[in-house]
Amino acid sequence: MRGLLACATLARRAAAGASSGARVRHLAGAAEAVEAELKKTALYDFHVANGGKMVPFAGWSMPIQYKDSIMESTVNCRTNGSLFDVAHMCGLSLKGPGAIPFVESLVIADVAGLKDGTGTLTVFTNEKGGAIDDSVITKVTDQHIYLVVNAGCRDKDLAHIGEHMEAFNKKGGDVKWHIHDERSLLALQLLTKEDLSKMYFSDFKMIDINGSECFLTRTGYTGEDGFEISVPSENAVDLAKAILEKSEGKVRLTGLGARDSLRLEAGLCLYGNDMEQHITPVEAGLSWAIGKRRRAEGGFLGADVILKQLQEGPKIRRVGMITQGPPARSHSELVSSSGENIGEVTSGGFSPCLKKNIAMGYVKSGLHKAGTEFKVVVRGKSYDAVVTKMPFVPTKYYKPS
């Protein structure tokens with residue numbers, strides 16, 4: 001999680017210069033200046049009041065953890081539940097008769113083929129087939145598409161969508177957008193009088209939750225059965241309090257540190273680490289997200305590159321690994337037994353639930369099958385690594401039996 005590094009770096013510099021009062025005062029002032037420039041979610045004061053340790057992340061001040069450890073938070077999420085503030089992410093709606101054909105020119109999903117009130121993971125691609133961002137996209141109706149994009153990609157995503165929407169409308173298309181900056185996004189196990197037994201993974205509803213009109217999607221970034229709730233920002237704190245009180249202490253506020261461990265255990269990509277502009281959905285192991293009709297028709301940016309990879313296979317592939325020695329981190333080199341470079345790690349760490357080191361990364365095609373052994377280089381030393389199937393921890397998404 002690259003946005004977290006600024007906080008750690010600043011702390012190390014402060015410690016190193018502790019002998020110089022002027023140096024410390026300078027760094028403290030710098031930290032305050034950085035904090036002042038960061039955006040804050042509607043729950044910021046609530047996080048601080050509940051012991052949240054705030055750090056810079058994608059231009060926002062976000063909690064990395066609370067009073068419990070990251071390991072404790074990770075395990076509690078899988079056994080009881082967690083409440084995440086993900087209001088730094090950007091929700092937006094596309095509306096109009098041209099909403100579906102427009103968005104299908106930018107993403108790989110078969111949006112037209114979705115039933116109303118259902119969604120799927122998708123990828124915004126560029127002309128070379130690389131990933132601009134990944135997103136959960138929902139077909140509310142034939143003329144209303146709702147999607148959420150990553151906080152760190154917000155500016156480039158909105159510029160990309162806006163540029164193509166202007167060109168689309170100039171050619172006679174009819175689509176408008178609304179960016180939901182008036183709403184906050186929470187990820188949790190929740191509080192409503194509605195019967196959700198027939199609401200399955202990736203389904204979407206507009207319902208009342210705790211007296212607020214909310215957008216509810218049954219999805220999440222942990223591998224657990226969960227919900228993302230888009231709530232009017234003025235009601236976000238009351239909703240968070242109600243959920244925590246209803247759980248009688250089982251559901252806890254959980255920060256970015258545990259969220260990263262949870263998504264890694266679930267084998268899910270973090271944009272900026274495991275997916276970037278030069279990585280295609282096929283290389284990232286997301287071929288399943290390319291709808292059958294889209295494979296036949298194309299019609300999205302970079303389709304020629306992506307469809308060719310589907311036919312011929314990519315040169316590199318994302319894999320999961322169990323590693324020995326110290327945990328492998330992003331950019332750790334992967335080498336063959338003879339020392340030849342075969343790829344690199346993109347995400348890695350110690351799994352609190354499995355009690356072992358896990359990692360994801362890219363290797364040359366042919367070396368991606370489960371059971372393939374090679375070495376990972378950590379701090380200049382080589383350690384054993386073996387390819388394993390993902391997710392590392394079985395998912396518990398709520399689907400029809």
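Cβ atoms are placed via backbone N, Cα and C, with glycine included.
Heads up, TrEMBL stuff is auto-annotated, nobody curated it.
As recorded in TrEMBL, the features of this protein are as follows:
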- GLU228: substrate binding site (BINDING)
- 43-292: domain 'GCVT N-terminal' (DOMAIN)
- 317-393: domain 'Aminomethyltransferase C-terminal' (DOMAIN)
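A C-beta separation below 8 Å, combined with a sequence spacing of at least six in one chain, links GLU228 (substrate binding site) to VAL86, VAL136, VAL148, LEU185, LEU186, ALA187, LEU216, THR217, THR219, GLY220. Taking H, G and I as helix, E and B as strand and the rest as coil, DSSP gives the domain 'Aminomethyltransferase C-terminal' (317-393) the counts 0 helix, 44 strand, 33 coil. Taken together, the residues in the domain 'GCVT N-terminal' (43-292) have a mean pLDDT of 96 on the 0 to 100 scale.
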